[in-house]
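Feature annotations, reproduced from TrEMBL:
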DOMAIN    183-342  domain 'SSD'
TRANSMEM  186-206  transmembrane segment
TRANSMEM  212-233  transmembrane segment
TRANSMEM  240-260  transmembrane segment
TRANSMEM  280-301  transmembrane segment
TRANSMEM  414-435  transmembrane segment
TRANSMEM  614-634  transmembrane segment
TRANSMEM  640-660  transmembrane segment
TRANSMEM  708-730  transmembrane segment
TRANSMEM  742-764  transmembrane segment
Amino acid sequence: DLQTPGRYGRVIITSFRKANMLDQHHTDLILKLHSAVTRIQVQRPGFNYTFAHICILNNDKTCIVDDIVHVLEELKAARSSNRTNFAITYPITHLKDGREVYNGHQLGGVTVHSKDRVKSAEAIQLTYYLQAINSLNDMVAEKWESIFCDTVELFQKSNRKVKMYPFTSSSLKEDFQKTSRVSERYLITSLVLVVTLAILCCSMQDCVRSKPWLGLLGLLTVTLATLTAAGIINLTGGKYNSTFLGIPFVMLGHGLYGTFEMLSSWRKTREDQHVKERTAAVFADSMLSFSLTTAMYLVTFGIGASPFTNIEAARIFCCNSCIAIFFNYLYVLSFYGSSLVFTGYIENNYQHSIFCRKVPKPEVLQEKPAWYRFLLTARFSEDTDDSEETNTYESHLLVWFLKRYYCDWITNTYVKPFVVLFYLVYISFALMGYLQVSEGSDLSNIVATATRTIEYTTAQQKYFSNYSPVIGFYIYESIEYWNTSVQEDVLEYTKGFVRISWFESYLNYLRKLNISTGLPKKNFTDMLRNSFLKTPQFAHFSEDIIFSKKYNNEVDVVASRMFLVAKTMETKREELYDLLETLRKLSLTSKVKFIVFNPSFVYMDRYASSVGAPLQNSCISALFLLFFSAFLVADSLINVWLTLTVASVEFGVIGFMTLWKVELDCISVLCLIYGINYTIDNCAPLLSTFVLGKEFTRTKWVKNALEVHGVAILQSYLCYIVGLIPLAAVPSNLTRTLFRCLFLIALVTFFHCFAILPVILTFLPPSKKKRKEKKNPENREEIECVEMVDMDSTRVVDQITTV
């Protein structure tokens, strides 16, 4: 009868050896457990609450307990009196007081004889419902639930031949938040690994041009933005949940790439320029694309944080992500930009990149020990001629690898066919997975692994999935119950269900009686009212019909209800969702107005909307961004290529995600939305550089795009993957889904950036025509340079150029 799940304690009792739980030993054991549970006391100042004080009451003011307890008590009494004619039928059985009771959710793993007589049952489930009508009552009930779990676990230790799975209304929430606690040391490990690799990625043998501090400060920028967002959420009364574990990785992918891209732009500037000019060139080169991708993140997650999203966890996640990305953009402009200027002055003054000490000249270093010379290795400007000046940063390992080896290899004529073949294999496997995609419907996918929720849901699915939850069938209009056609309609709508309401059986009886006697409306309703109010057999279900009196003392039936249970397959969880949708569609098209409800439908609706709402928001944001970017990009082909790349990446991620046993639930859909942004983050600069390039061949511009942006992509990818690896070891299904989705997004995007796009762009549009612009003799420039030189040094510290 409950309209909400409320407070409750539930336990599944089964045996390790698949024994019959209805034999004498296990029956006595279960009744003993029931007695122990009802004696639980919650101590409060001045009073001790027991189950009798906080239970939900029956019509006769006694506690409502599962009917299986009465069945077991009658079974025990029959054995004590040596009666052999006592039989239990499934899924509906009869008690000695004449009542029919439904036991489909209380007996599990049932083996039956003929005529549904139970031969054995492998599991039994007991449920204890509690009142939560006010704050004190709710607090006592919550404490009772905690003691209930302890009592069951203590009972389990003293009876090791049986296995018990306790579960309460608080278990899901507690196990969901447990992910944060079990993830702490893994996240610390991830942070240490990312810091180490970020420093290494920004280091090189040249102690002056190396930038290890910028790697650390770039990660610090991302961390500050994440902490700022978390502080704002806490100060504004936001609720923390375990989905926030994904926010640092969202920031890591976006924030680190922006800082690495700025460092890559710094390496392209001329060393003889002043720090101000080099910094201006860096911001002009990298901040436009970074600003556009930041705006894209804000729009995407902003729509997710809007009232259009009806999942609170997803809305808070998107809100937190928006705040973090916004502050990350501000911190990159201010904090990281200032750090870049500071390290630029250190470089211009030939100071050590770590110790900030002046690096001595080579002739001075010759007199020092080998280890000293190794730590202070640097190239001075006077040691290089003009042809070598632009290559001073090539000693960086990643720059050297891309420019000297990888760019030539990936654009080689003999390599391209293998890359295309590999892409076709990728599409084939992605399609195979895409055709098998399924929506996530298991609540255990969002909790830690070694928890009560996992154990209970596994046992519940194994033993008690033959029947759906009890579905309330509510007729909320005054229909002509005396009309035989209406009666047939009502019975037709409930065809195929197990009826567990007396009203339905009684309606069927009245239908037959009405047909045989031709009772008019008044006689029919009078008999219906009198039967329910005066007949003891039906009085228990008197609230299943609501009567109202009219002005002439005529009685009418205002509303009625019956309870139904559907037969489901043990391996088909989706059947319950199909059942819900079928009943709702039927309620809209039927002649009789009715609604169907069960508290578990709330979870089903949440899971249905957890996939649909984020996908809808992502489509809206994608269309908005395509429209918005059409006015900002210099060439429409950039949008075309970017759209195709995002579609290819998302298609592959969904396919491989399915093959990796990841369902399409709230977490995975949020990751897919982030995947759109992550792909654009990494692929947009490559495509923009290629499409806007003129004069040279396609292959030349592919190499140029990889040389310019490849290092930043590779650096951020390595740091991102290293940060994700510890997440795979967290004992939680939520983090498992998070790791698999984010890992696939990073891997597939990297595959497109460094293999698919460089090959496909060499033989697909846009075309690159060699063009030589005619030199106009009238357009000449007169350049005057005035250099201001520090007399104590050979270094140019300022330069004024007049054109």
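Glycine is treated like the rest: Cβ placed from N, Cα and C.
The transmembrane segment (414-435) makes contact with the transmembrane segment (640-660), as judged by at least three Cβ pairs under 8 Å among residues 6 or more apart in sequence.
Comparison of 212-233, 708-730, 742-764 by number of C-beta pairs under 8 angstroms to the transmembrane segment (640-660) places 742-764 first. Among the recorded stretches 186-206, 212-233, 280-301, 742-764, the one sharing the largest number of Cβ pairs closer than 8 Å with the transmembrane segment (708-730) is 186-206. For the transmembrane segment (742-764), same-chain residues at least 6 beyond its ends with a Cβ under 8 Å from one of its own Cβ atoms are 246, 249, 253, 406, 410-411, 415-416, 419-420, 422-423, 426, 641, 645, 648-649, 652-653, 656-657, 660, 671-672, 674-675, 678-679, 682-683, 686-687, 690, 698-699, 701-702, 705-706, 710, 713-714, 717, 720-721, 724, 727-728.
In the predicted model, the domain 'SSD' (183-342) has a mean pLDDT of 88.
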